[in-house]
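Features of the protein shown, as given by Swiss-Prot:
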type	residues	note
BINDING	LYS31, ARG45, TYR57, TYR142	substrate binding site
BINDING	ASP67, ASP72, ASP104	Mg(2+) 1 binding site
BINDING	ASP72	Mg(2+) 2 binding site
Amino acid sequence: MADFNQILTPGDVDGGIINVVNEIPAGSNHKIEWNRKLAAFQLDRVEPAIFAKPTNYGFIPQTLDEDGDELDVLLVTEQPLATGVFLEARVIGVMKFVDDGEVDDKIVCVPADDRNNGNAYKTLSDLPQQLIKQIEFHFNHYKDLKKAGTTKVESWGDAEEAKKVIKESIERWNKQA
């Protein structure tokens, strides 16, 4: 398998369209991660079923978040996407998140061309409020059985704030490359 970080760029960040590689399908409790050294997807662990992901979960190639991993993405779609699918996505916001004291922000996006529902989602406020609540609950509690209180959704930001986070992550990637 080719390394997504070698074949895909982050995308047109200023234009709000990014490349996303999906790791975990929405509804899955399998914590699948991209292993950069092996250029392969790896099952890290199986979470309790109650903590299945409320959205697809992936990353933006050629980025590094403050935790040392590629910048995470929450990708909202009607149906789960398979592990390894990559696509262009439209940035609609950012979830500011802390995991065990480390910044671990999540970019929120939808497919760039989703003629079913996604084209209607231009901002976070366009998403169903119940989905926002589910995302917050999930990320505030998914580690509770292991070590309660180690994760916290701190705030939500708009697409412009998300683009800043992406650009900072690209800078970190370029410094280590």
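For all residues, glycine too, the Cβ spot is worked out from N, Cα and C.
Feature map: annotations from Swiss-Prot on the structure.
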residue : record                 : Cβ within 10 Å
LYS31   : substrate binding site : 17
ARG45   : substrate binding site : 10
TYR57   : substrate binding site : 23
ASP67   : Mg(2+) 1 binding site  : 16
ASP72   : Mg(2+) 1 binding site  : 21
ASP104  : Mg(2+) 1 binding site  : 19
TYR142  : substrate binding site : 20
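Note: the Mg(2+) 1 site is recorded as ASP67, ASP72, ASP104; in the same chain, ASP65, GLU66, ASP69, LEU71, PHE97, ASP99, GLU102, VAL103, ASP105, LYS106 also have Cβ atoms within 8 Å of that site's Cβ centroid. Pairwise Cα distances among LYS31, ARG45, TYR57, TYR142, which the record gives as the binders of substrate, peak at 15 Å.
Excluding LYS31, ARG45, TYR57, TYR142, which define the substrate site, the same chain contributes ILE24, ASN29, HIS30, ASP44, GLU47, PHE51, LYS53 within 8 Å (Cβ to the Cβ centroid), listed in sequence order. ASP67 (Mg(2+) 1 binding site) sits 16 Å from TYR57 (substrate binding site), taking the CA atoms of both as reference points. In the three-state DSSP scheme, TYR57 (substrate binding site) falls into the strand class. A gap of 19 Å separates the Cα atoms of ARG45 (substrate binding site) and ASP104 (Mg(2+) 1 binding site). A straight line from the CA of TYR142 (substrate binding site) to the CA of ASP72 (Mg(2+) 1 binding site) spans 16 Å. Cα to Cα, ASP72 (Mg(2+) 1 binding site) and TYR57 (substrate binding site) are separated by 7 Å. Cα of LYS31 (substrate binding site) to Cα of ASP104 (Mg(2+) 1 binding site): a span of 16 Å.
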